[in-house]
């Protein structure tokens, strides 16, 4: 090393004994370069000793060669050291998580032990596959657990549990404690003070037959059941039968109903719709009964319960939440009836038929005892003595927070209360809710399941009175919910039979539902739930008495409800016979069917909360809009006679189609790993439903603003009905109203197209 140091010193002029000079100067008289190398102490010594010292001149090259080699070696060593330092520093800066300079093919020397140093292995985030998650869910679903939970919920501790009762509150606290035991990320409850209608405490309601002078001939019944939100009054009139009380039934009648009491069969449509239809034709009151043909119940004296509010939520705080001490002026929903309505037993209905004449049409397929109308010398007197009562209700919540987007969530819920035992109506749904909360919490804590988005479990209060708990929650937090909640799954009445699997849902969820039906097998047949490729055309609209309805029609949140059921309606809903024993007798495979319902809901939850892309198929609304345009084309002649045309509707429809196509292109080109880009696309998708809420009507006056699934003159169905009225009864047709309906419907579709396009500079429409 000393020799190398000496050589290095000599190279840079440290030693005066010798040096090397390279002359690269070009010759003046030629193009060739000349290189001259000299070794000397100095130039003078070199000249003086040039001839004299031959020996010295022979030995000097040896000194030079050794020094030069050492110098070159030193330079190379320093160069290599510098190169290695620079290379290692570069690796650490550019690839901090990789093993720099390590060859994957290197092997340890035999007979030597590796150094006792801790090696760094980078953590690669593992993402569970769909098959893994599906198996994880299936392994945790136990049929007996569902049966045990249903039994427990229908024990004496929680039955009966009418909304606001002590047993209803006890069950709410039990569910809250269960959520805490399941170790959900957060558990809470909110309370509302609402008005419901109950049976009168001072006087009974009654149905009597009277003569022309109003004197009582006979007491038919003092009903045990009742219809909440009926007008409390007394009316008298001729009794006429109107089958189920649908609009089509009234159109087929050969006698008027104005000024008369109407008796109708339960089923087909809700109690509230039956009353609204009768009131629109100036009937003075409505009686509702369950005929044996549709509801084959042995007990002819079985009482029935329901409600007559054509809407959801507390009807005395329409459009705003029923929190305590809210300072709103007294008001009431426009969906409350102005006529009395009462349920009666089948025995009471048959007693009334005994005084009536005219056989019911065979097309009604009802009991042989059915009759059409009272004779002219007799009437029926109806007295309803229901009372308003303010109660406190609870909604109970638990959440599993998402790991990447906790502020986006899917909500799954079930009604908790019931007028009777409520086994099929609320216990099955509540059991599903509890078991799914337990299972998903276990999947997260022990199975490695990491949902990207949050899952909210909700137990609703006062569901029997028109989804009051769910609606009040939506009204209270509407400003944030439509930005964050992207799907609601309803578990109410999920198991009512075994033959069929039926779904009611937003079109955005059709594709996801179809995939789920293909994955889940029917527990009885062993075949896939997906049996009919035309199932979408058989999907029924969500009804007013379904808790999923306000999510879709009021809040613009995609919602779905499903059930295992028979071809006929389950006869014991809303009666005192809705017990666990009756349910298990009518549905022998109750435990297995409940497990299958949980598997359906569970798979939906996984796909909605876990997948990078949001499983909402916005293309389905292209079909809905196209179908509406085709229906409108049938009235082109009428529209032309009014000096109107459908060009702007065609343009709006085209813009919506282009917007969906552009979004599909953006989605296909997006980098799945880029969560920011995917979130922006998903946010555009999740707001599609919301943009079909008409911005031109008041949420208070017309709370169900959805133009496809809502209720009111702003809906597309109301527009079509109005055009039909021009052909049937031109005197009742209002051209100004129709012009407004067409313009606002067109602009709502156009607004949805613009919103779906993204930023305003990306909007490219022909409107």
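For all residues, glycine too, the Cβ spot is worked out from N, Cα and C.
The domain 'PA' feature in Swiss-Prot is assigned to 230-320.
In this view, residue 211 (N-linked glycosylation site) is surrounded by 11 other Cβ atoms within 10 Å of its Cβ, with every protein chain counted. Annotation comment: Swiss-Prot describes 211 (among others) as N-linked glycosylation site, evidence class sequence analysis.
The Cβ of residue 258 (N-linked glycosylation site) has 281, 282, 283 as same-chain neighbours under 8 Å, each 6 or more residues away in sequence. What Swiss-Prot records for 258 (among others) is N-linked glycosylation site.
Feature annotation from Swiss-Prot assigns N-linked glycosylation site to 324 (among others). Every protein chain shown contributes to the tally, and the Cβ of residue 324 (N-linked glycosylation site) ends up with 8 other Cβ atoms within 10 Å.
Taken from Swiss-Prot, the feature N-linked glycosylation site covers 734 (among others). In three-state terms derived from DSSP, residue 734 (N-linked glycosylation site) belongs to neither a helical nor a strand segment and is classed as coil.
The phosphotyrosine annotation in Swiss-Prot covers 19.
The motif 'Stop-transfer sequence' annotation in Swiss-Prot covers 60-63.
Among the features that Swiss-Prot reports, topological domain 'Cytoplasmic' is placed at 1-67.
Taken from Swiss-Prot, the feature transmembrane segment covers 68-88.
Taking the Cβ of residue 734 (N-linked glycosylation site) as reference, residues of its chain lying under 8 Å away and at least six apart in sequence are, in sequence order, 722.
Across the structure, residue 211 (N-linked glycosylation site) and residue 324 (N-linked glycosylation site) are spaced 49 Å apart at their Cα atoms. As a summary of secondary structure, the domain 'PA' (230-320) carries 16 helix, 19 strand, 56 coil according to DSSP. In this structure, residue 211 (N-linked glycosylation site) is part of a beta strand by DSSP. Mean pLDDT across the topological domain 'Cytoplasmic' (1-67) comes to 43 in this model.
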